[in-house]
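Chemist: Take a look at the following structure, please.
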Amino acid sequence: MSLVAIGINHKTATVDLREKVAFSPDKIHDAMKSLASRTRSGEAVIVSTCNRTELYCNNGDEADIIAWLEEYHGLDHKDVAPCLYNYHGQDAVRHLMRVASGLDSLILGEPQILGQVKQAFVKAKEAGTVALTIDRLFQNTFSVAKKVRTDTEIGAAAVSVAFAAVSMAKHIFSSISTTKVLLIGAGETIELVAKHLKDNGVASMVVANRTLERAQGMCEEFGATAITLAQIPDYLPKADIVISSTASPLPILGKGMVEKALKQRRHQPMLLVDIAVPRDIEPEVADLDDAFLYTVDDLHSIIEQNMASRKEAAEQAEVITEEQSFLFMDWIRSLESVDSIREYRSQSMAVKDELVERALNKLAQGSDTEQVLIELANRLTNKLIHAPTQALTAASRQGDLNTLGQLRSALGLDKN
């Protein structure tokens, strides 16, 4: 039984190559079936994300799996091979556990990868490419990833600007889900902020953007309201939280506009987070009572502290994955011993059945009973001690005292 993991990721390959070896969702079902057919066990799972493509197989040949990957995508070996990594046995188990725990991610400890690995496993089960070993491997991996999350602080601290902005809001407001949020901009960062806000239960979001169409497209996904930049003065007084990230060369929110909004709010506090470079919010806004302004520099300082915290947590997580990979391999070895015992017992029973049938035939032909029984006992003894005798002889000739000792112990010779 041999587990193999072969992959390519953000550390080993360019975006261009990663795109070429990725598997689209509509084709991954058939791809898993095709890959599984190249293994002796019929077990395979493909994990394919924007940052990695990894193939996990049981009883597969490494060279054959790599050849399959290249054939499937029509790629030359010389272009792919230098960017591939491979793991076997416990190393493969440990790698999968590290991946699912976020220890191998572009952003250390990010939680999204666990969901992606789970989704890949579900698709493999639907494709019929999961049996005992792979099933146990992935189920154990999910338990390990959960243990890493609960036993360490790897996911507790924000390490992206978007996540840090939302985390700051959560610390300032006792219940962020009831706040009203104004997002300025509709780029990738604001979209990620909106996702984090939605994940935290925020239902009231307004997105202001230079082009209304872009804002509307984003709002459909998050159930938000789209407005133009010109409408900001009308919506600003209603906002408890303002997060801005545009590409504007000039500030969008001035001190006067914010001051007017605070008066309309009867001086209820307002959190403003400016994650744009150059800045979207005039720095003088920080001088206003009830306005709490944070810039991207403030967030980066938090992120640096949090990254150090995550690295410390990652060291604890590495210990967990190491221990759990050992335990999984113990289970694998127990399976192998069960298979060996079953095979040995079956072989011995076959020898017995053959010799008993031969003895019964002789008795039916009138042979002397005592002679038949003696012959049966001798033949059975010779058959059963043949393989152990050969092993003892070979170990003795080679001077392999360790193997010789193990054989003597296994055969019970040291008890006499």
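Including glycine, each Cβ sits where the backbone N, Cα and C put it.
When I checked Swiss-Prot for this same protein, it listed these features:
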type: BINDING; residues: Thr49, Cys50, Asn51, Arg52, Ser105, Glu110, Pro111, Gln112, Gln116; note: substrate binding site
type: ACT_SITE; residues: Cys50; note: active site, nucleophile
type: SITE; residues: His95; note: site 'Important for activity'
type: BINDING; residues: Gly185, Ala186, Gly187, Glu188, Thr189, Ile190; note: NADP(+) binding site
Chemist: Measure from the Cα of Ser105 (substrate binding site) to the Cα of every one of the binding-site residues Gly185, Ala186, Ile190, then give the nearest.
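Modeler: With Cα distances computed to Ser105 (substrate binding site), the winner among Gly185, Ala186, Ile190 is Ile190.
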Chemist: Enter the number of other CB atoms within 10 angstroms of the CB of Ile190 (NADP(+) binding site).
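Modeler: Ile190 (NADP(+) binding site): 25 neighbouring Cβ atoms within 10 Å.
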Chemist: Can you tell which of Cys50, Ala186 has the least company, meaning the fewest other C-beta atoms within 10 angstroms of its C-beta, among these recorded positions?
Modeler: Cys50
Chemist: Name them in sequence order: residues not among Gly185, Ala186, Gly187, Glu188, Thr189, Ile190 whose Cβ is within 8 Å of the mean position of the Cβ atoms defining the NADP(+) site.
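Modeler: Going along the sequence, the neighbours appear as Glu191, Leu192, Val193, Ser245, Thr246.
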Chemist: To the nearest Å, how far is the Cα of Glu188 (NADP(+) binding site) from the Cα of the residue listed as 'active site, nucleophile'?
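Modeler: Per the Cα atoms, Glu188 (NADP(+) binding site) and the residue listed as 'active site, nucleophile' stand 15 Å apart.
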Chemist: Determine which residues of this chain, when Thr49, Cys50, Asn51, Arg52, Ser105, Glu110, Pro111, Gln112, Gln116 are set aside, have a Cβ within 8 Å of the centroid of the substrate site's Cβ atoms, and list them as they appear in the sequence.
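Modeler: Output for this site, in sequence order: Leu106, Ile113.
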Chemist: For His95 (site 'Important for activity'), which residues of its chain lie six or more apart in sequence with Cβ-Cβ distance below 8 Å?
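Modeler: Looking at Cβ-Cβ distances below 8 Å from His95 (site 'Important for activity'), excluding near sequence neighbours, one finds Ala5, Tyr87, Asp104.
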Chemist: So, in DSSP terms, is His95 (site 'Important for activity') helix, strand, or coil?
Modeler: helix
